[in-house]
Amino acid sequence: MTSNRGTSTLRSRAASARVGRREWWVSFLLFAALGASWAIALPLFGSPDEPAHTIRAASVARGEVIGERIPGKDGGWRRVNVPEVMESANNVGCYAFRPDLSAACLSYEGSNREIDLATTVGTYFPAYYWVVGLPSLISAQEGGVYLMRLLSALVAAALLACAVSSLRGFPNRRVGAVGLAVAVTPMVLFVNGTVNPSSLEISAAIAAWCSALAIAATRADTRIDRAEIIRLVVAFSALGVSRLFAPMWIVGILVAAGLLGGWTAIRRMSRDRGMQLAAGIIGIATLSQIVWNVIVRPVDTGTSVEVSQYELIRNTIGRSGFFYDSMIGNFGWLNVKAPYIVILIWTAAIGLLLALGLSLPSRRAALALLLTAAATAMLPLVSEYREVPIIGPFWQGRYTLPLAVGVPLIAAWIIGASSIGERLARSRLPLIVGAALFIGHFLSFAQTLRRFSVGYNGSFMYWRAPSWSPPLGALPITLGFGLVVILWSLWLLGPSPEDLEVPVNAAVDSGVDSPVN
């Protein structure tokens, strides 16, 4: 009898592992297709500071971890050794800040002979750049730059696939999927299709949030899933080496997850050998970023300008709308705004999750949600207020996204842990949300491609007579992207057999530190 029970348990675990692997691979392929669509649709260097990041990546891949100082230049300015062809990346100004012109003016030509070039991000942590810069060793020509983008999209897709896998640990997988779908804004996919360390930072943060929240929901009498611990290590380590603000995001995620799980969960995690090993690995990765920031001082300009307190406050508050909109969709060189309906769709979705999450009777869970939302709102204002006198207005919405994505994810976690979550998971609401988000993603993609093909005020049928076209053609890439978004939405938000069963609420079953009691 015992032998049969043990054999049955092993078979169940093997079947669960197979389902988990299939789920990860399908999610990876869909996220990779979404990121690749953006990578192909955008003209070369059609995103903020992409020339500087591309040059940095090529230099790091060639072993130049940090370049030479440039006399009279502070902050991230460095002189590095890269192929000559990359000098023409600096000609992006012919269309970048001229929204009425297409991208046809940019000519990316030159030899592979190595020369000295300047980059404004020469002091940024090198981990992301080393990985993404590898294709430039094969070719630094146009095809090589697209390969760099595609590699960046693949890294982000792997992390986002981990986030999907972690949803199985949420109190309710399908409600958690709604939170994840809302967290993946058009801006997230846009950045994933470019050479920019923000793609690693944001995708790793989403995976870190999902993994931490999944572990926080683990039943008190259940061993923490080893696969979840691996995902936790991968996500937090990738986040730790992404960009200079990473340590701050890690602290924020852990505090929120601790509030949701309670002291019982914190004590259980601190005693788990796997979690102890995970903490050590994550600590090493994060410490490397901290040490780099202290020694290299990536954004230290060493100068300041006189700005009155009144002007500082007025300008900072005046930019708050920009901070919000550019978390959802502000493409190109931050001059291709998503259609207004896209902002409305995401605002409505976030508002719905917030309202439902805060309406449930758990003070600790509400505190975690409110703190994350408040920090998301205040961080850009505080950062601008502190840094404008030194480096001028600099904050962009994507800088806040590693923290902001926690708002819909926490709200979905709280909702899923309640009886409301069971009803919502069985309803059509996830598919309705998915349909609305599809409209937002598709319009954002089409608007951006239209701007680069015929100019911001060009024809709506931008594929008919474009001045510039992406490698696969404007219409095929647009339709292909729309199809992938539909498949992704159905895969993520469609019901699985487990969603149609009555879910077991870990916190309620255990009776300990329930977020809804």
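Positions of Cβ are set from backbone N, Cα and C atoms, glycine also.
Tertiary proximity for the transmembrane segment (24-45) is limited to same-chain residues at least six positions away from its ends with a CB under 8 Å from its CB atoms, namely 51, 54, 89, 92, 95-96, 103, 106, 108, 142, 145-146, 149-150, 152-154, 156-158, 160-162, 164-165, 189-190, 192-194, 199, 445, 448-449, 452, 468, 470-472, 477-478, 480-481, 484-485, 487-488, 491-492. Taken from TrEMBL, the feature transmembrane segment applies to 24-45 (among others).
Here TrEMBL flags 144-163 (among others) as transmembrane segment.
Note on the transmembrane segment (175-195): residues 31, 34-42, 46-47, 50, 53-54, 57, 132, 145, 148-149, 152-153, 156-157, 160, 163-164, 167, 202-203, 206, 209-210, 213, 326-331, 338, 342, 346, 349-350, 353, 397-398, 401, 405, 408-413, 415-416, 421, 424-425, 429-430, 433-434, 437, 440-441, 444-445, 448, 489, 492-493 of its chain, located 6 or more positions outside it, place their CB under 8 angstroms from a CB of the stretch. The transmembrane segment annotation in TrEMBL covers 175-195 (among others).
Proximity of distant same-chain residues to the transmembrane segment (244-265), defined by a Cβ-Cβ separation under 8 Å and at least 6 residues beyond the stretch ends, is recorded for 124-125, 201, 205, 208-209, 212-213, 215-218, 220, 236, 282, 286, 289-290, 293, 298-299, 364-365, 367-368, 371-372, 375, 399, 402-403, 406, 410, 413-414, 512-513, 515. The transmembrane segment annotation in TrEMBL covers 244-265 (among others).
Under the heading transmembrane segment, TrEMBL lists 277-295 (among others). Residues 125, 229, 232-233, 236-238, 240-242, 244, 246-247, 250 of the same chain lie 6 or more positions beyond the ends of the transmembrane segment (277-295) yet place their CB under 8 Å from a CB of it.
Long-range contacts of the transmembrane segment (338-358) within its own chain (CB-CB distance under 8 A, at least 6 residues past either end) are made by residues 178-179, 182, 185-186, 325, 328-331, 365-366, 369-370, 373, 407-408, 410-412, 414-415, 420, 433, 436-437, 439-440, 443-444, 447. What TrEMBL lists as transmembrane segment is 338-358 (among others).
Sequence annotations record features per position, and here TrEMBL assigns transmembrane segment to 365-383 (among others).
The transmembrane segment feature in TrEMBL is assigned to 399-417 (among others).
Residues annotated as transmembrane segment in TrEMBL: 429-452 (among others).
TrEMBL lists 472-493 (among others) with the feature transmembrane segment. Long-range contacts of the transmembrane segment (472-493) within the same chain: residues 26-27, 30-31, 33-34, 37-38, 40-41, 164, 174, 177-178, 180-181, 430-431, 433-435, 437-438, 441-442, 445-446, 449, 453, 462-463, 466, each at least 6 residues beyond the stretch ends and with a Cβ under 8 Å from a Cβ of the stretch.
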Intrachain neighbours beyond the transmembrane segment (365-383), with Cβ under 8 angstroms and 6 or more residues off its ends:
252, 255-256, 259-260, 316-317, 319-320, 323, 354, 357-358, 395, 397, 399-400, 403-404, 406-407, 410-411, 414, 417, 515-516
Given a Cβ distance threshold of under 8 angstroms, which distant residues of the chain, six or more beyond its ends, lie next to the transmembrane segment (429-452)?
37-38, 41-43, 46, 95, 99, 102-103, 174-175, 177-178, 181-182, 186, 189-190, 328-329, 331-332, 336, 338-339, 341-342, 345-346, 348-349, 458-460, 462, 468, 470, 474, 477-478, 481-482, 485-486, 489-490, 492-495
